[in-house]
There are 2 protein chains.
Amino acid sequence: MAKSQGILTNMGVDYVIVFRFATTDRPKAEQRFENLIQALAGVGLATEVRNGDNHSLLVFVKVASEEHIFGEVYRSRVKDWMYGVRAAAPSKEVRQSLDGEPMNESERLRIIHQLITNPASEGGAGITPKKGQWENVESVFALHDHVYNKAWIKKWSTQYLLTPEDLDEIRNRLGEKVAYYFAFTQAYFTFLTAPAAFGLGAWALLGSFSPFYAIFASIWCVVFVEYWKHQETDLAVRWNVRGVSKIDTKRHDFAHEKVVTDPVTGEEEHIFPATKRLQRQLLQVPFALVAALLLGALISTAFGIEIFISEIYNGPFKSVLVFLPTVILTTCMPILSGALTTLATRLSDYENHSTNAAHEKAVTQKIFVINFITSYLPIFLTAFVYVPFGTVLVPYLDVFSLTVRPFAENEKQLKTPTSAKFSINPSRLRKQVIYFTVTAQIVGFAMEVVVPYLKRQGFLKYREMQSSRAHAASAGGAPPPASLTDEPEEKDFLARVRSEAELDIYDVTTDLREMVLQFGYLALFSVVWPLVPVSFLINNWIELRADAVKICVEMQRPTPSRADTIGPWLDSLGFLSWVGSITMSALVYLFSNDGLGPDGNPSQIKGWALLLSVFFSEHLYLVVRWAVALAISKIDSPGRQKERRERFAVRQQYFKESLDQTSRLPPISEKAEDLNFTREKLEEDARQSSLSGSSTEQRFWSRQRSAGEVAVVGKGMIERALPASSEGKKEL
Amino acid sequence: MAKSQGILTNMGVDYVIVFRFATTDRPKAEQRFENLIQALAGVGLATEVRNGDNHSLLVFVKVASEEHIFGEVYRSRVKDWMYGVRAAAPSKEVRQSLDGEPMNESERLRIIHQLITNPASEGGAGITPKKGQWENVESVFALHDHVYNKAWIKKWSTQYLLTPEDLDEIRNRLGEKVAYYFAFTQAYFTFLTAPAAFGLGAWALLGSFSPFYAIFASIWCVVFVEYWKHQETDLAVRWNVRGVSKIDTKRHDFAHEKVVTDPVTGEEEHIFPATKRLQRQLLQVPFALVAALLLGALISTAFGIEIFISEIYNGPFKSVLVFLPTVILTTCMPILSGALTTLATRLSDYENHSTNAAHEKAVTQKIFVINFITSYLPIFLTAFVYVPFGTVLVPYLDVFSLTVRPFAENEKQLKTPTSAKFSINPSRLRKQVIYFTVTAQIVGFAMEVVVPYLKRQGFLKYREMQSSRAHAASAGGAPPPASLTDEPEEKDFLARVRSEAELDIYDVTTDLREMVLQFGYLALFSVVWPLVPVSFLINNWIELRADAVKICVEMQRPTPSRADTIGPWLDSLGFLSWVGSITMSALVYLFSNDGLGPDGNPSQIKGWALLLSVFFSEHLYLVVRWAVALAISKIDSPGRQKERRERFAVRQQYFKESLDQTSRLPPISEKAEDLNFTREKLEEDARQSSLSGSSTEQRFWSRQRSAGEVAVVGKGMIERALPASSEGKKEL
C-alpha cells in the first residue's frame, strides 16, 4: 500500500532539480545552493529540499500560485499569436482565454521549464545545468506519471493502429517534439503496408530486381515524403505550433563578436558575422571528405578482407579468420564514428550558431553524413564495385596474402585467382541487404534496450566512487544512505525520485534518425530483396511500442518542447528518396540478370545503357515528385480548415472595427427618370456654361451636370448617329 | 497653343469608356447607355459624354468626390494589412493614413478601375467590357500623361543605367506589374555585363565550346535566377505588395458547378471540384505532345529540306530553292503556333480556374511549351541530331529528290551522298545560334514596332467599314465626323482621346516572354558562340528604352495592376537554367573538337562519356544552385529590414496593449538573510507540521515554509554530508 502510494502520487511536484556537490567544497556548495533557491523563488517557484543519493540534494519545485502560471501561459499564447503561430487571437481576458482552451500538462511543464532555464532578460531564473555558476545543478527533470504511463503502455500494446487522439495524448503529455516522432513513425508504419503487400507479391511472383517493384517503391517514397510534409503542417495547426520554429531561442553558448544596434528594433543586439560563420561552415566539406575517406577506408578494408578470406583464401584458420572483418568493424567502427560525431559537434559549436534550432540543424546534418556512409556504403561497395568490377579488382586483393603467408602451409592455399577462375558471388548482395534490414534491425533494437541499462549501471558505480572518495577525503566510512533521514510517508516517493534521477535523458533525434536510416534502406536497396518493407512493417509495430516503454521506464520524463516539423530529417528523407531513384534503376539494370549483365557476363554491362537508365529514372523521379507535390497541395485537411477559419474570424472582426468610420458613400444618383428637361435645352445649357466657367477643365466637366443629363445627351448622340429609319430598316 | 493645350491637359479625367453601338439597334443602345451611366453614378463616379469616331461615344469618368476615393484607398490598404500584404497597420484615421503615405497615381487608377469593373458584390459597378450586357462597352482606359511621358523618354534615352527611383516612378505611374517587367529587364541587363565581358574574353582567347565559359555561364545563370528571386521579394516589400498574389480576384468567366457552404467562412461559395479540374489539366500532356509533334514535324521538315538543298542538291533553281525552308517556316509557323496558342487559351478556359492569377498561370505555362519548341528545337536538331547522326541520317533525305526530280537535268544532280562523300558542316550550328541571337532579335525588335502599327491601321479600316455599313443601312452618305460637334476649346483634347482609343492594349507578358526566351538562348546554347551575351547586352539597352516608347506612343496607357512577382516566368527561368546545365555540358563534350568527336570523327563519340558528363554537370548544377540559394538567403536587404521593422512595431504595440493586465508577479522572496531561526528548530518545525497537515502532499510541501527555510535546511544537509574537516583537507 505504501509502495503503491509512492508510485501513485507526484506530490504536486512540477520539477525536480538535482544538486550534486560531491566535488565542490562546502562554502561554495552552500553559497551556490542558496543562489539556486533564491533564483527559483525570484520567478515565483516554491521549493522543498530532500537528501539525494551520493552527495546530492533533491530540490522539488512547484509553481507558487496557479494565478502566476496562468499569467505565464497567457503571455506565451499572446506571443505565439503575435508571431503568427496561432491564427486565433487569445481572448483579452486571461481567465476567459484559459477556460476556452485549458492548459495541458505539456504546456504547463514547458512554461515552468522556461521559467527555470530562460535567462533573466527573458524573465526566467537563468539556471543552466552543469554550466558556469550552475555547475552543481546536475539535472532538471519532471516526474513520470506512473499511473498514466501504465495505462498508456497497456492501451498501445493491445491496439493495432494509433489514432490521432493517441497522438494528441502524447502531445499533451510529452510535448510536440516527441509527439512528432510518434506521428511520423505511425504515418510511416501505415504507409509501409502498401510496399509490404506489393513486396510480398513481387517476391513471390517477380523475384528480385523487378523494375515494377522498383518503380512502385520509388513512387511510394515520393508519395510518402510529400504526404508527410502535408501531414506535418496539418499537425502543426492542430497543435497550435505552426511556425513555432521561427521563434528563435538564443543559445546559451553563443559567443557574440560585436554588439550592434539592430536596425529593426533599435535595440542592442549581439551578433556574429554571417560571412565568418559561412567560412566556418565551409569546413563541412573537408569534414565530409575526411569522414568519407576514413569510414570508407575502414569499410573497404574490412570488405576486401572478407572477400579475400571467404572467396579466395583457403589456408588454415579460415573458420576463425572469417570473423576478422566483423571484429575489425565492430571494434573500430564505433570508435571512429564516435570520434567523428564528437568532431561534428565541435564543428557545429565552432560555427557558433545563435539559436538552438540552427545549432541542432547543423549537428544533425553532419551526423547524417556519417550515418549515410556507415549505413549504406557496404551495400554500395557490393553493388557498384564488387559486382561490376570484381573480376578486375579481386586479383589485387592478394596483398592480403602477404599477411597470411606465415600461416599458409603451401603456396596453393594462397592461389591468386585469375579472372577466369574467380567468379563473383551473386547472392552476396542479397545476403547483405537482408543482414542490414533484418538482423541489424533486431540487433539495434536489442541494443536500444540493453545499452542504456549498462550505461545506467556504470554511471551509478561512478557516482558511488565519486561520493565515497569525497567521503574518504573527509572522515572515513561510508556516508549514511540518503534514505535514512526520509519521513516514513515520503520514503517510497523519494526512493522513486532518486531512481528516476539516475535515468538517462531521452533524445528523440536518435529515434528519428533510426527511422530515417531505415527508410533509406527501403528507398535505396529494397529492390534487391522485396521483403524489406515486410520486415520493416513488423519491426516498426514493435518499435513504436518499445519506444513508449523506453520513455516510460528507461528514461527520465522528457521535458516537453515544441516543434512544427521533424526538422532536418525531412530533408534527409527527400534526399534519400532522390538517391533511391538513382540506385534502384542502376540495380535493376545491373542485376536484372542476377548481376551478370544482360549477356550473362558482368563485363557486358554497357556504360551508356546504365547511365541512360539512371538519367531517365532520376528525371522521372523529379517529374513525379513535382506532380505528387502539386496534387497533395490541393488536398484540404481539417488543420488547414481550422487555420483558415480562425484567420477569417480575426479578419472579419478587424474589418468591422476599423472600417466602421468609412462606410460607403450613398450612391450619387438622381434617377434619370425625373427628366423634365429636353435634350435641346440641356445642350444649350452646356453651351452657355462654357462661357461662364472659369477654366477649361471646369467647363469640360460642367457641360452635363448629373448622371441623368449625361444619359439624355448620350442618347441624343446615339439617335443622331442611328436615325429612327435605321431601326425600321433593320426590322424589315 | 491650342494643340499643345490638348496634349497638356487630361481635363481631370480618370478613365475613358468607349461605348460603340454601330451594330446595335437604337432602343437597345440607348437603354444600355443609360444603364452604363447609372452604374457608374451608383459607385460614386461622375461622367461626361462626347461623340466618338465611327458610331461610338466617349464617356469620361472621374471620381465624384476626393473623400470617396480616399475612403476606397483606405479600405484597400486595410484589406492589404489584414491579408499580411502590408506589415504596418494603417493608421486608424483615414486622413492621417493618407497623409502619412500619400496615394500615388497608379493606386488611384487601380482603385477606380476596380470601382468600374468589380462585381457589385465587391462594391464595384460590375462593368465587363465586351461581355454580356456590357457588350457595347468596347474599352476602359486611362489617358496618357504626355508631359510626363515626354520627360520620361528623354531622361531614359540619356541615362546609362536605371536607378531604383526610376523603377519606383514606373510603379507609381503604371503599377507594379509593369514595373516588375522593367525591374527584371534592368536586373538582367546589369547582370549581363559579367558574361558579356567573360564571353568577349573567351571568344578572343578560348574559342567556342570552352568548358570554362560553359561553367561560368551556368553559374551565372544560377546566380542571376536566385538573385532575382531575392530581389523580387525586396521590391515587393518596397512597393507594399508582398503576398498580393494571395488575394484572389475571382474570374468573370468562372463557371461554378455547385454551391457549397464554405466550412471556413460559413458563407456560400461557388466551387468547381478540384479533381475535375485536375482531370482537365491532364489534357496538358496530350497538348504538349501534339504541340511538340506538329511543331517538331514542321521544323524537322524545313530542316531536312534545307540540308538537302544546301548540302546535297545540286540541280537547277538551287539559288531559289534555298529559300524554300524559310518560306515554309515563315508562312506555316505563325499559323501553327497561333492555332496552338488559341488551343492553349481554350484549354485554360476549359480548366475553369476560379481566379485570374491561376488562369493566367495556366495560359503562360502552355505558351511556354510552344515557345520552348519553336525557339530552341531548330538548334537542338542541329546539335544533337544533325551533327552526331548526320552521316547516318542524311542519305535518307533523298526522299526529297523524288520531288525535285522533274527539275533535274541529269541524275548526277541528285546524287545520293554516301557517308563517305557527305560530311557534316561544322559551322552550321554556330551560324544558327548567331541567327537566333542576333538576326532574330533585330527582326523581332522591328516587328514589335511595325506590326502594332499595321494592326492599328487595319482595325481603323474595319471600324470605318462597320460604321459606314451601319450608316448605309440607315440613310446613305457618310456620317458626320465626330469632331464636328466638338467645342473649339475641347477639340484638340478630344482628337487626342479619339486616337488613344484606337491604340492597342499593352500586354506585359509578351515582353516578359521575350526576355525569358532570350535568357534561354544564353543558358542553353551560348557556349556555341560566346559573343551571345554581348549581343544581348546591346539589344537590351535598346529594348528597355524602346519598350518605354512603345508604352507611351503605341499603346493605351496600361491599367495599373499589382503583382509581387514576374509570375510563372520565374519557374521558366529556373527550368531553362537547369536544362542549360545539361545542354552546355553535352555541347562541350560533343563539339570540343569542332563537332568531330574526341578522335576527329563523329562516330567516335562515346555514349557513356557523353552521359557521364551530362550527369556530372547536372548534379553540379543542383549543388551549386542549392549553395547559391542558401548564401543569397542570408543577404539582408533594405526591403526585408523595412518589413521586419514594421512587424516589430506592430508586435511591440500589441504586447503593450494586451499584456498590461498581466504584469509579472512581484518576486516572492523574503531574503534568506532574515534568518532568526536555527536549523534545528526548522527541522523540528517540519517534523511537527507533518503531524498536523491534512494530506501527504500538503505535508510534503509544508516541511519548509519559505525559500529562506529551504536554503537553511539544504545547507544543513550539505554540512552533514561534507563535514568541515573535508574543507580543511582540500585546502591543504
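For all residues, glycine too, the Cβ spot is worked out from N, Cα and C.
Curation plays no part in TrEMBL annotations; they are all automatic predictions.
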TrEMBL lists transmembrane segment for one of the ranges A:433-454, A:609-630; which is that range?
A:433-454
So what's the average pLDDT for the domain 'Anoctamin alpha-beta plait' (A:12-137)?
84
Between the stretches A:178-206, A:321-347, A:519-538, which wins on the count of C-beta pairs under 8 angstroms to the transmembrane segment (A:212-228)?
A:178-206
Are the transmembrane segment (A:321-347) and the transmembrane segment (A:519-538) close enough that 3 or more Cβ pairs fall under 8 Å, when only pairs 6 or more apart in sequence count?
no
Count up the helix, strand and coil residues in the domain 'Anoctamin alpha-beta plait' (A:12-137) according to DSSP, in that order.
60 helix, 23 strand, 43 coil
